[in-house]
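Copied straight from TrEMBL:
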DOMAIN    255-281  domain '4Fe-4S ferredoxin-type'
DOMAIN    282-311  domain '4Fe-4S ferredoxin-type'
DOMAIN    384-413  domain '4Fe-4S ferredoxin-type'
DOMAIN    421-453  domain '4Fe-4S ferredoxin-type'
DOMAIN    486-505  domain '4Fe-4S ferredoxin-type'
DOMAIN    514-543  domain '4Fe-4S ferredoxin-type'
TRANSMEM  28-46  transmembrane segment
TRANSMEM  75-98  transmembrane segment
TRANSMEM  104-124  transmembrane segment
TRANSMEM  145-166  transmembrane segment
TRANSMEM  172-194  transmembrane segment
TRANSMEM  206-230  transmembrane segment
Amino acid sequence: MEGQLSASGGFMINMSVIKAFLVSPLKWLRVTVAVIFFIGIAYAFLHHIPAWNVPNMTGGGEGVEDSFSLARWQLVPSVLGTLSGAAVSAVILGVLLLLTLLFGRVYCSFICPLGILQDIVFRIRRWLAPKRFLKFSRPVPWMRYGVLALLAACCVTGLAGLSLNWLDPYSIFGRIMYVLAWPAAIWSNNLLAADSSSADLVQMDYFPAAFPVLLASAGMLGLVAVMSAWKGRLYCNTVCPVGTFLGLLSRISLFRLGFDPASCKKCGKCVKPCKAQCLNLKEYKIDSSRCVACYDCVRSCSEGGIRYRWFTRVRQQIPAQKKKVPPASAPSSSAAVPSIAGSSRRQFLEATAVGLAAAAFSGCRGDAARKLDPTQCVLPPGAGSLERFLDICTGCQMCVANCPTHVLQPSYLQLGLKGFMKPRMDFATKYCLYDCHRCAEVCPTGAIRRMPVTAERDTEGITKDTTRIAVARFYVCRCLVAREDMDCGACTEHCPTKALYTVPYIGRDGQEHRLPRLDPSLCIGCGACEHACPVTAERPEERERRNSCDLCEEKCEFGRRREMPPRALVVRAVNPQQKAVKKFEDKAVDPVGDADFPF
C-alpha cells in the first residue's frame, strides 16, 4: 500500500507526492528566469556606479551588453521597435506572443521587471504577516478593459506616447531605477569611496531630476507597492494594460492550469499563496486571464490537484459541471447573463468615449510642439523629428542612465505634456560627446535610431558625427571678448567640428583680441560651446537693465522674449534632425589666438 512500510523495510512514497515534485520545478524555473531578468535590467541602469559594478561585469563588457538585450524583451518596447522597423524586435515580439498563446501569462512572472518587483514586495509582506492570506476575489472587468480602451483610444488619436509614458510597466520600472534607485546607489558609492583607499571606488556627481519627475516616480512606486502588499498582483489585474492584453490571449492559450477534481481535496493550500486571487476552489475554476503563471499553487499542492492541461480537456469539464445545476436555478442564471453582458458593453463604450473625449480635449497632437522653446527641445542624435520621438519614446530612462556625460536628463514640461519624463539635452549639465552614440545602443524601443559614429569622409549616408541635432547662436553682446575686452577661447577650444573660430578684433581698450566667429553650416549642435562658455546667467540685480544693452548694434532676442540670453552661445533645436552638416575638413581654422587661454 502507498504510504506504508514495505517488506524490505523501505518506505513507499505516495505517488501523488512524486507527481507534485515533478511539477514543482516550474516554480524554480520561474524564479531563476525572473532573477536573471530583474538583476540584469537593474544592472543595466546601475553599472556605471563603481560600488554597484560587479567585478566580472565591467562597464562596456559583455555582461553589460547582455543586460541591455534583456530590456529589449519587454512587450511594449518590442512592439514599438517592430513599428520602427527593427527585425530583432519583431522576432522578440513573436516569441512573447507565442509563449502567451502556449502557456498563458508567463511574461508577467518571468520577464516583466515591475511584476517581479511586485512579487518581492508581496513576499516581504508575507514575511511580516505570515498568518494573513489572500482569498479568491471576483475580477474587475470595467477597470481592466476601461484602461485598455483608453490606451487604444490614445493610440488612435495620436497620444500613444503620452499614455504609454504612464502605463507601460517597463518604463515605470525604469523611472523607479533611475530617479529613485540611482541617487541611493550614488550616495552609497560616495559613502564607501570616502572611507576606502581603493582606486576603483571614486566619487560621482549626481544630477537630480526635476521635483515633479521625482514626485511622479515616487508616486508610481508607492502605488504599486501598496497595491502589491495589499492584494498581490492587484495592479497587474486592474491597471496594467499589458497584463489585460496578455490576459485576453491567455483565454485561448493551449496549455492552462486547471483543477483535477479527482485529486483535489479542497484543502485550500493552493488558494493561500495565489497572488492573483484567481483560484475559485468552490467551482474548480481558474481565471486564466488573471493567472500570472507563478506556479505557487502547483508547488503548494501535494496531491497533484492543479496541473497544466491541454485546453480541450479543460473545455470538457465545463458542460459536465453545468449539467449538475438544478433546473430551477437555470432560468435565473440565464436571465442574468444578458444584463451582465449589456453592462460590460456599456462600460466599455463609456470608457472608450471618455478616452476619445480626453484625447480631443487635450489637443496636443502636433501643434503644441511648435510652441515649445527651441532652446529646451534639443533631442539626442538619431531621434528624428520631435513628433516621432514623442510617439515612440516611453521615457524608460535607459539612455539617461547610460549617457557618459549625463547631458541627457528627464524633462518636466520642456517637451510639452507628451514629453513628460522623456529625455532631452541639458547643456547646462554637460555636452554630447562627438564620438559617442551610447543612447541609441541601449534604446529598447528604437526611438533613438542607431547610426555609425564615424565614417570615411568620402562615404555617403548619415553618421553621428555629421548629424545636426541643433545649431548654436552666437550673441556678441554676451561674449567676454566684446563685453570686457578679455581674451577667451573656451568655445573655440571645445568645438569638435571647427564651426567656431576666431578673428582679429580691436577692443575698446585699443588692443587686438581674438573674437569668436560662428559658421552655422558646420555646427552639429553638440552643446560643447554652450557648456564651455564662462558667461553665466544674469544676476537678479541685472534684470532691470537687461533691455538697455548697447554693446551690439541690434537688439538681442532670446527665444520669443526680448531679453538677454544666459550665455554668449546658446544651442537651439532644429527640426527635423536627420540632416548632415558640411564636411568640416574643408575649413579647419585654428581657434587658438595669440593670447594665452585665461581659463
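Each Cβ is built from the backbone N, Cα and C atoms, and glycine gets one as well.
TrEMBL does not curate its annotations; it predicts them automatically.
Are these features on the surface or tucked inside, and what are their neighbours?
Across the domain '4Fe-4S ferredoxin-type' (255-281), the DSSP tally of helix, strand and coil residues reads 0 helix, 7 strand, 20 coil.
Sequence-distant neighbours of the domain '4Fe-4S ferredoxin-type' (282-311) (same chain, 6+ residues past either end, Cβ-Cβ under 8 Å): 16-17, 19-20, 23-24, 26-27, 30, 103-106, 108-110, 115, 119, 139, 233, 236-237, 243, 247-248, 250-261, 263-265, 267, 269-276, 317, 321.
Counted with DSSP, the domain '4Fe-4S ferredoxin-type' (384-413) comes out as 12 helix, 3 strand, 15 coil.
Beyond the ends of the domain '4Fe-4S ferredoxin-type' (421-453), by six or more residues, the same chain brings 44, 68, 71-72, 74, 76-78, 80-81, 84-86, 89, 161, 165, 170, 175, 207, 213, 216-217, 376-384, 388-390, 392-400, 402-411, 414-415, 461-465, 467, 469-470, 494, 496-497, 526-528, 530-532, 571 to within a C-beta distance below 8 angstroms of the stretch.
Taken together, the residues in the domain '4Fe-4S ferredoxin-type' (514-543) have a mean pLDDT of 78 on the 0 to 100 scale.
Among residues of the same chain six or more beyond the transmembrane segment (75-98), those with a C-beta under 8 A of the stretch's C-beta atoms are 107, 111-112, 164, 168-171, 242, 246, 249, 392, 394, 396, 444-447, 449.
Outside the transmembrane segment (104-124), and at least 6 residues removed from its termini, the chain residues within Cβ reach (under 8 Å) are 30, 33-34, 37-38, 41-42, 73-75, 96, 169-170, 172-173, 176, 224-225, 227-229, 232-233, 235-236, 240, 242-243, 246-247, 250, 253, 255-257, 275, 288, 291-294.
Using a Cβ-Cβ cut-off under 8 Å and counting only residues 6 or more beyond its ends in the same chain, the transmembrane segment (172-194) has close neighbours at 41-42, 45-46, 49-52, 113-114, 117, 166, 201-204, 206, 208-209, 213-214, 216-218, 220-221, 224, 395-398, 400-401, 410, 421.
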For the transmembrane segment (206-230), give me same-chain residues lying six or more residues beyond its boundaries with a C-beta closer than 8 angstroms to one of its C-beta atoms, as numbers and ranges.
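Residues packing against the transmembrane segment (206-230) from afar: 114, 117-119, 121-122, 124-125, 172, 175-176, 178-180, 182-183, 186-187, 239, 406, 409-412, 420-421, 429.
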Short question: which residues 6 or more past the ends of the transmembrane segment (28-46) have a Cβ under 8 Å from it?
52, 54, 57, 63-64, 66-68, 70-71, 73, 106, 109-111, 113, 116-117, 119, 173-174, 177-178, 181-182, 185, 293-295, 397-398, 401-402, 442
Please give the sequence-distant neighbours of the domain '4Fe-4S ferredoxin-type' (384-413): residues at least 6 beyond its ends with Cβ less than 8 Å from one of its Cβ atoms.
44-46, 48, 68, 71, 76-77, 80, 83-84, 158, 160-161, 164-165, 168, 170-171, 173-175, 177-179, 182, 205, 207, 209-210, 212-213, 366, 369, 372, 376-377, 419-427, 429-433, 436, 438-440, 442-449, 527, 573, 575-578
Other than its close neighbours in sequence, what residues sit by the domain '4Fe-4S ferredoxin-type' (255-281), given a CB gap under 8 Å and a spacing of at least six beyond its ends?
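Here the qualifying positions are 16, 102-104, 118-119, 122, 133-137, 231-233, 236-237, 287-288, 290-294, 296-298, 300-311, 313-314, 317.
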